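Over in TrEMBL, the protein carries these features:
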type	residues	note
COMPBIAS	684-695	compositional bias 'Basic and acidic residues'
REGION	671-704	region 'Disordered'
TRANSMEM	26-45	transmembrane segment
TRANSMEM	51-71	transmembrane segment
TRANSMEM	83-105	transmembrane segment
TRANSMEM	111-132	transmembrane segment
TRANSMEM	153-173	transmembrane segment
TRANSMEM	185-206	transmembrane segment
TRANSMEM	265-283	transmembrane segment
TRANSMEM	314-335	transmembrane segment
TRANSMEM	347-365	transmembrane segment
TRANSMEM	606-626	transmembrane segment
TRANSMEM	638-661	transmembrane segment
Amino acid sequence: MAKKLCGTKYPVSICFIVVNEFCERFSYYGMKAVLTLYFLTYLHWDKDLSTAVYHAFSSLCYFTPILGALIADSWLGKYKTIIYLSIVYVIGHVVKSVGAIPTVGSSDVHIALSMVGLILIAFGTGGIKPCVAAFGGDQFDEEHGSERQKFFSIFYMSINAGSLLSTVITPILRSDVQCFGGDCYALAFGVPAALMIVALVVFTVGSGMYKMSPPQGNILLEVCNCIGFAIKNRWKRSKYDSQKKHWLDWAEEKYSKRLIQEIKMVLRVLVLYIPLPMFWALFDQQGSRWTLQSTRMNMAFGHYFTIEPDQMQMLNALLILLFVPIFDFIIYPLIGLCKIKVTPLRKMAIGMIFAALAFGAATLVEIDVVKSVVDPAPAGKCLLQVFNLAEGDVSLMIPGSHLFKEPIPNLQDPAQYETLPASGEDLQFQVTFNGKTSECNHTFLQREAYSLILYPDAAGIQCNVVSDYIKKNDNGKPLLRFLNTQPEAINTTVGEVSFHLPSDYSVSPNETVNRGEYPAVSCSSTSGKCSELNLGLLDFGASYTFILMEASGQIVAHRMEDVKANSVHIAWQIPQYVLLTIGEVMFSITGLEFSYSQAPANMKSVLQAGWLLTVAFGNVIVLIVAEGAGLEQWKEFLLFAGLLLGVCIIFSVMANFYTYVNPDQLDKTRMEDSGREEDDDDEDHVKNKFNDVKLNKRGKSTRL
C-alpha cells in the first residue's frame with residue numbers, strides 16, 4: 001500500500017514528481033530564454049543563423065519524445081528511462097555551461113561544447129517528456145480517478161510556474177551579474193544546470209515510494225508496424241487479390257480487426273494534424289524573432305525599472321495562468337448562453353486567426369522599430385557623417401556630388417549619414433574655412449560607414465576619417481566612444497568600462513555600457529582640467545560619440561548621436577503576446593482535448609506523439625524560412641501571418657468534413673468490435689478447415 005499525504009488519497013510519491021517537474025521546466029525554459037542572445041552576443045552569429053539553430057534545437061526537443069516513449073514502453077520502463085535520460089540532461093547542461101566560459105578554449109571550442117550540450121539537452125528533455133506525467137498518473141489506483149485529474153492540474157501548474165520564474169530570473173543573471181568582462185552566460189546556464197541536478201536528486205530520493213509498472217510494449221511501434229504491413233501487403237497482393245474497403249484492411253491476416261479499427265479512428269484525427277505545424281512555426285518565435293525585436297526597443301519603465309529583452313517571454317507563461325480560467329469559467333460559458341455553437345475544431349481555427357493577428361501586430365511594431373535603424377550602404381556606396389570642430393561654419397565640397405550644399409555649423413550633430421560613391425580609390429574633397437580652402441584625400445570602402453572629423457590647426461583645416469559602427473548593439477545596450485581634442489591624454493570610467501584616450505583628436509573604440517543617466521562620470525588628466533563629465537542619458541540602442549573639449553578652463557563632453565536611440569517602447573509588444581496567448585489557449589489546449597476525445601484510450605499515446613511532431617515540424621519551417629527567405633523582418637512577419645491564415649482556411653475546410661465521435665461510445669464500439677472479431681475468427685476458422693479439405697482432395701497446396 002502506497003503512503004498517502006496527510007490522510008488524503010494522494011500518494012506521497014507525487015510530491016517528488018511535481019518538484020522534479022518544476023525544477024526540470026525551470027532548467028529547460030531558463031536555459032532557452034537566453035539562448036538566442038547567447039548565439040548573437042557570445043558566439044557572434046548573425047540573427048538568421050541564431051534563429052535557425054534555436055529552432056533546430058527546439059525541433060529536436062520535440063522529435064526525441066518518440067524515442068523516449070519507445071525506450072520506456074519497450075525496454076527500460078518509465079522510472080529507469082527518466083533516471084538515465086535525466087543524467088544525459090544534466091551532462092548536457094554542464095557541457096553547455098562550460099562552453100559559456102570565455103577562458104575555456106577558443107571560439108571553435110565554445111561552439112563545439114555548445115552544440116554538444118544542446119544535443120544532449122534535447123535528448124534529455126525530449127526523452128523524459130512523455131514519461132514523467134504518465135509516471136505520475138501511474139501512482140494512483142484506478143478508483144482514484146478524480147485525484148489523478150487534480151494531480152495533472154497541479155502538475156501542469158508546476159510546469160507554468162517553472163517556466164514563468166525561469167524566464168524572469170535567468171535573464172537577470174545574464175545581464176545584471178557581470179563575469180569575465182561581460183554578460184554572465186556561464187551563470188545563466190549554470191543555475192538551470194543546478195536546478196536539473198536538484199530535479200534528478202529529488203526524483204531519485206522518492207524511488208522507494210513509487211509504484212512502478214514493467215514495460216508492456218509500445219503501442220506506437222505496434223501501430224507503425226501495422227500500417228507498414230498493410231502498405232507492404234497491398235503493394236504485393238493488390239494485383240491478384242480482391243480489393244479491400246480500406247487500405248488498412250490489408251493488415252487483417254496479421255493484426256486484429258480491433259487494432260485496425262482503432263488505427264482508422266486515429267488516422268482520421270492525424271489527417272487533421274497536417275496543417276497544424278504552421279501554428280507552432282509562429283508560436284515558437286517568441287524566443288527568437290520576437291526576442292530580437294525586443295533588443296531594438298526601449299526597455300525602460302520609468303527611471304528606475306528596466307526589463308531585459310529575453311524577459312518578455314515570461315508574458316506568455318503569465319498570461320496562460322490568467323487566461324485558462326477566464327476562458328473556461330467566463331468566456332466559453334457566455335458563448336454557450338448565447339446559443340453559439342463553437343466546436344473544438346472551430347476553436348482551433350479561431351486560435352490560428354489570433355496567432356496570425358499577433359504577427360500582424362508584430363509587423364506593425366517592426367515597421368516602427370526599424371525607423372531608428374541606420375540602413376547599411378548598398379554595393380558601391382559608403383556612408384559618411386561630418387563633425388565640424390572648427391570655431392565657425394565650414395563648407396565641404398566633394399567633386400561629382402551635390403551633398404553638403406549648406407555650410408556645416410560648429411559642433412552640429414549630423415541628422416543622418418550621407419551616401420557617397422566608394423570605388424576603393426582615393427576620394428578628394430575640399431574644405432573651406434574663413435576663406436581658406438584645404439584639400440583632403442581618403443579611400444572609402446563600399447558598404448562601410450565613416451565619420452569625417454574637421455579640426456583646425458595652424459595651416460588651416462585638417463581632416464581625420466574614422467570608421468563607424470552603425471549596427472545597433474545586439475543586446476540592446478548603448479554604445480559609446482570618445483573623441484579627445486586635447487593635447488594631453490585623458491582617462492575616464494563609465495560604469496564599469498574604462499577608457500584611455502590619447503591626445504590630439506584620437507578616437508576610442510566603441511564600448512558597451514549599461515543604459516542610464518551619467519551626470520558625473522569621473523575623469524582625470526595631467527593638467528587636472530578633467531574631473532567630471534556630464535554624459536546625460538545613454539539610452540537603449542543608441543551609439544554616441546562624446547567630443548572632449550575645453551570650456552571655461554574645464555574639460556566638457558559634447559554629445560553626438562551616431563545611431564538614434566530605440567524610439568518604440570517594449571510595451572508595444574504586449575498586444576502581440578496577448579493575441580498569441582489567446583491563440584494558444586484556443587488552439588493548443590482545445591486541440592489536445594479534442595484529440596484525446598476522438599480516439600480510444602489505448603491510442604492516446606499515438607496522438608500525443610503526433611501532436612509533438614507538429615511542434616517539431618513547425619520549428620523546421622522557421623529554420624527553413626530564416627535561412628532561406630532573406631526577407632526584411634517585417635516582411636517575414638507578414639509572410640508568416642499570411643501563411644497561417646491560408647493554412648487556417650485549409651484546416652477549416654478539412655474540419656467541415658470531419659464527423660465527431662462521441663467519446664462515451666468509443667470503448668463501447670471497441671468492445672463490440674472485439675466481440676465481432678471473435679465471431680469472425682470462429683467463422684474464418686470453419687471456412688479455412690473446409691477449404692483445406694477441398695484443396696487437399698484436389699492435391700493442391702493448402703497455403704498461397
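Cβ coordinates come from backbone N, Cα and C, glycine included.
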Recorded stretch that, among 51-71, 83-105, 606-626, has the most CB pairs under 8 Å to the transmembrane segment (111-132): 83-105
Considering the transmembrane segment (83-105), which listed stretch of 26-45, 185-206, 265-283, 638-661 counts the most C-beta pairs under 8 Å: 185-206
Tertiary contacts of the transmembrane segment (26-45) (same chain, 6+ residues out, Cβ under 8 Å): 51, 53-54, 57-58, 89, 93, 96, 100, 107, 110-111, 114, 121, 125, 162-163, 165-167, 169-171, 174, 183, 185, 188-189, 191-193, 195-196, 199, 287-288, 291-292, 295, 309-311, 313, 317, 474-475
Seg_contact(the transmembrane segment (347-365), the transmembrane segment (638-661)) with at least 3 CB pairs under 8 angstroms, min sep 6: yes
Candidates 51-71, 185-206, 265-283, 606-626, 638-661; stretch with most C-beta pairs under 8 Å toward the transmembrane segment (153-173): 185-206
Intrachain neighbours beyond the transmembrane segment (638-661), with Cβ under 8 angstroms and 6 or more residues off its ends: 265, 268, 271-272, 275-276, 278-279, 281-282, 285, 343, 345-346, 348-349, 352-353, 355-357, 359-360, 363, 597-598, 625, 629, 631
Most Cβ pairs under 8 Å with the transmembrane segment (265-283), selected from 51-71, 185-206, 606-626: 606-626
Beyond the flanks of the transmembrane segment (51-71) by 6 or more, those residues with Cβ under 8 Å of it: 32, 35-36, 39, 45, 81, 85, 118-119, 121-123, 125-131, 218, 220-221, 284-285, 287-289, 292, 605, 609, 612-613, 615-617, 619-620, 622-623, 626-627
Residues from the same chain, set at least six apart from the ends of the transmembrane segment (185-206), whose C-beta lies under 8 A from its own: 12-13, 15-17, 19-24, 26-28, 30-31, 34, 38, 42, 82-83, 86-87, 89-90, 93-94, 96-98, 100-101, 166, 169-171, 173-174, 177, 179
Residue numbers, six or more beyond the limits of the transmembrane segment (606-626), whose CB comes under 8 Å of its CB atoms: 48, 51-52, 55-56, 58-63, 65-66, 69, 129-130, 219-220, 223, 266, 269-270, 273, 276-285, 288, 591-592, 595-596, 599, 636, 639-640
